[in-house]
Structures are given as C-alpha cells and as structure tokens.
Amino acid sequence: MMPVAVSTQGPPQTPPPQKLGGLSSPINLDPPVETDCLLTQKLTETLKPFGVFEEEEELQRRILILEKLNNLVKEWIREISESKELPQSVIGSVGGKIFTFGSYRLGVHTKGADIDALCVAPRHIDRGDFFTSFYDKLKLHEEVKDLRAVEEAFVPVIKLCFDGIEIDILFARLALQTIPEDLDLRDDSLLKNLDIRCIRSLNGCRVTDEILHLVPNIDNFRLTLRAIKLWAKCHNIYSNILGFLGGVSWAMLVARTCQLYPNAVASTLVRKFFLVFSEWEWPNPVLLKEPEERNLNLPVWDPRVNPSDRYHLMPIITPAYPQQNSTYNVSVSTRMVMIEAFKQGLAITHEILLSKAEWSKLFEAPNFFQKYKHYIVLLASAPTEKQHLEWVGLVESKIRILVGSLEKNEFITLAHVNPQSFPAPKDKPSKDEFCTMWVIGLVLKKPENSETLSIDLTYDIQSFTDTIYRQAINSKLFEMDMKIDAVHLRRKELHQLFPNHVLQKKKRLCTESVQLAAVNDSSRDLSVDNGGGLSAPSPSSAVKTSPLTGSSLGRSSPAPILTAAPVASIPVTGTAMPQINSSESSGALLSESILHSATQPAIPSPPRATVARVVSSTCLVNRASRPSGNAATKMPSPIVGV
C-alpha cells in the first residue's frame, strides 16, 4: 500500500497505460509478455530482503503521525490568526496544511526512512512565527523528541523525531488569505510575490508532484525506482553532495525511461533504464517536459543564457518551474563512474533476461578497495561528537572540490570518491577523538617514453584543506583540535587503515553492514619500506603547520612536501594553481592580509593537513588548463534529448 495520509496530498491513482508524456514519442508501446511479468515477480521477491518495502502497520503509523502533525499546524495557524485579530469568518476557514515530498511522497521510501514535509500557511503567517510559536508548540508535544531548528540554512528547516519517525519540515507562506484542502501546489501562479526562501521550500513538493503527473504508470514507476535506487546505493553512486546523483535525479531518470516505454513492466524498465543511459549523449539534458517560461523573473537552467550552465556535465532538469539542474555537482570522474556502472547494469540485466543470472547479481556491491592501485585517504577528526558531526558535514560537502582539482592533472585519468565514509583509527587508544575517513581511488596515466611517473599532489590537497579551514573560521564553526589529514596508499597497503572484512575481494550483497572497529595506534603507522615506492608517515606524527600562516597560494611558493618516496629516478616536481569554484569557497583566494585584518577574530592556528606525497611507478607536470566555451562541453540546445 502506498503511504497516503488524509492530511497530506496523497499520490494520485495509477493512470491508464495510454497516458504518454515527454519531449518525444515513446520508443516502444508493446505490452508486457508473460516472461516480463514473471521477471517482475522475481524482481519484487529479490527486493524484499533489502528492506525497500515497509510493512502495512508501519505505513499506517506514518499516516497517523502526519494526521497529528497536520492537526497541529491547523491549530497553530488558528491561534496565530486569533492573536492577530483576524475576523472570525476568516479564522474558521483559514486552513493550513502539511504536504509531503521526496521518497515518501513518491511512494518509494524504505523501512525507517525519514519524511520530508512542507508546512503551507496563509499570508498573515510569517516565517518568524514558524520558527518561534510553532517551534514552541512542537516542543510541548509529548511525542516530539530531538527538536532543532536550522533557520539559517539555504532552505530553512525544523527537524524533529515524532513518535520515532524523523521528519524535516520546511515552511512556505502563500499569498492567499486561506489555504484550501484541495490546494494544488503545481499551480505556477502560487509563486507570484513570494520570497525566494518560500519558492525554494515549495520546489521539493512541486517537483515530486510533477514527476508523478508525468509518468504513464505510477505503480511500474515506483517498483522500477525502488530497484534503481537500491542498485545505485549498492554500487556507491548515490550521493548528490559528492558528485553522484541524489534521490530526485534517480527518480527523473526512471521517469524518463517510463515515458519512453509507457506500457513496460518493472523488469523491462530496469533493463531499458541501463540501455538508455549507458548510451545517452551527455551533456544533452534529460527533460521530462518542455521547459516553460512563466515571466516571474526567476532564474532557470538555460545554457543559452547562463554561461555557467554550459559546464554542467550531466544535466537532469527538474520539470517544475523554475527549472533547475539537479546534478550540477557531477564531475568528469563521477560521470565516468556512473556511465561504467550503467554499462555493467545493462550487461547483468541481459544475462537475467537470458536466464543466465538472477536479480540478486544486480545488487552485489563491487569492492571499491580492489578496483584501483592507488588511493588517497582523507581523515577528518574532532575532539567531541558534536564538533565531529559539524566538521564532517563541512569536509564532506567540499570533497568534490578536491576531486575537481585532481581531475585537472593530466596524469590522473580518474578520481573516484567512495560515498561511504568509515570510522578511522585513533592516534592514541586512550584519547577521546572522533575521526571519519573517505577514500578516493585514482587511475593514473603513464607518460609516454618514460617508465616512471612521480605526481606531487601536496599542493592540490593543501589548497583543499586551506579552503575548509577558512570557511570553518569564517562561519565560526572551527574549534581547536579539528584536523584534516591526507595520506596516499597503494592497494596492498590499505590493510593498515581498514580491517580485512572491508577489503575482502569477494563481492557482497549490499545488505551487509560495514562496521569498522577502532584500530589501535600501531596500525596507524603508515610507514612502508618494502620496495613499493612509498613512504607515508602516520598523520599524527608528521610535521604540521597552520594553513593560514604557513602556506602560500602562489605558484612560486608551493606547500612543503612532507614525505618523499624513493623512486628509481629523480622525480621532477612542481605545482599548479587550482581553479576553485568561487561559489563553493568564496574565502579560498583571500590574501593573508585580509585573513589577519583587524576584523578577523584571533583564533589559534588549526593544524596543517598531513599530506603524503603520491609517488608511484608513475614527475608532476603542470595541469592542463580547463577548456572554455563550447569546447568545454559542446553544449547543445537545452531542448535536445531523446
């Protein structure tokens, strides 16, 4: 059963198969045959052990919770209306409503998943009321726990746990005197005269509702999306923040597949999904409908008008106005990884069609630690759990900047970050410290007419860490003992940081949870002297200096190489100025005089990141410059697409 609450905008009934949509005609209208239906049944049975379906009892519990929350909203709005002395005739019908969006609204949420919700209020209720009186009302409710407000976020939100279910509530005030029960948020006229925060808050619901409206068969869409989301998580390509795709992007890709094969069942749609997007001519955009201009002067994705849009590598455009690219974080490496995964998925589903494999093979998690010969391990640590959560959030949100910098090195073919983070070993077993690791796999390109290649990535990593420290200080997040370390390891050296069950070569089903035990101090010693061409010190014992006082962003003063690896020939090293996205790190290129001006608070210098020099059988050369204009992406008209 689909989660539908009477107090929320439930998903519409499954429309007839003949409903078509999209920019182009369907590729195939054939109805399913008996084999397709049998494969779909087997797919459903395969998905069940992964916990992608919720029990009926749990669904009803969610509905009840949303009803209670919806009643709280209506009661709160009536109270505010009375306090503002509105006429009784208005108070009686003022309304107010909770809408849902995201995976719950799409009907593809998993067991224990949170709920994304939107509180819609009439024009006399403002955002200040939401974060004060409504927050206080929630605080008094006995079933509400872990209540916290994030008012300064890009999309302001109240987070809470309601009777064991985590809920994120956004707020939007519409220019309406009352909020009717049958309000359709897809109506573009509702956006008139709204502030940008309300428009952002409405966007999630509008996009989700539009996707459901544009697919020809919602039941087939849901089952297919469940399978694709599970596959993406198993293959570590489900993360918008790290440059892969997030939930709404996967939903739009599946929706486009459904439009192209409107009568196909889920087993066929999964196979066609891999077929379509393994052959898609990126950066041609994926669009579910013709972009529309509403003359509301809101920024929309259009590479013909916006030069920055021309650099988007894998554009997937939201169907609701104002249209946006949901995949602007995708990099050259993450796109390569995803396309390769699409091709592998196509091969496996072909085997399944021929009865040479079972559906379970599609959800086998490949071992990331056996895939590459070289890895960079990033370690973020903080002295307390609360500081660690904040620090890890900042570091993780910027890792794609490092990936982009690595990609510009002409001898790095691929920089693949694993979206899964891992608990890291402590410097000292008795010391209270919280540490998280991320791993980036590297594919190096061997130079012509040379047997050795030495790559000095010290500068790239130092620029990355300096950016993070600056942002942390400017946002007053930084605390002493917050650190970032980085080391290079060959595949055969990974055991020094990771236990054997993580590094096992055998493929595993992604239902198996990966729990890393804390490694003792002796295993933290990364010094290797086995003729492998690497000497990497323990991050805790390496020389550390402040990135704000001991580094220079000029080419003439590269960051110091903290470790040197023995190689057969003398490596030639150098550095190149990284091209940092100003929108991601506005403080990255500030001069030291600005950082230490009178307005800058006096903060003890944070530790410089420990950087292990990357040396393989592979001399740093200057990074190739980024192409510009049409040469960068050969960006066609945004309307082009299958």
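Placed from the backbone N, Cα and C atoms, the Cβ positions cover glycine too.
Here TrEMBL flags 543-555 as compositional bias 'Polar residues'. Here TrEMBL flags 22-215 as domain 'Poly(A) polymerase nucleotidyltransferase'. For 220-364, the entry in TrEMBL reads domain 'Poly(A) polymerase central'. According to TrEMBL, the domain 'Poly(A) polymerase RNA-binding' annotation covers 367-430. Annotation comment: TrEMBL describes 1-25, 522-555 as region 'Disordered'.
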If you average per-residue pLDDT over the domain 'Poly(A) polymerase RNA-binding' (367-430), what number do you get?
89
Counts by DSSP class (helix H/G/I, strand E/B, coil) across the domain 'Poly(A) polymerase RNA-binding' (367-430):
26 helix, 17 strand, 21 coil
Could you give me the DSSP helix, strand and coil counts for the domain 'Poly(A) polymerase central' (220-364)?
74 helix, 7 strand, 64 coil
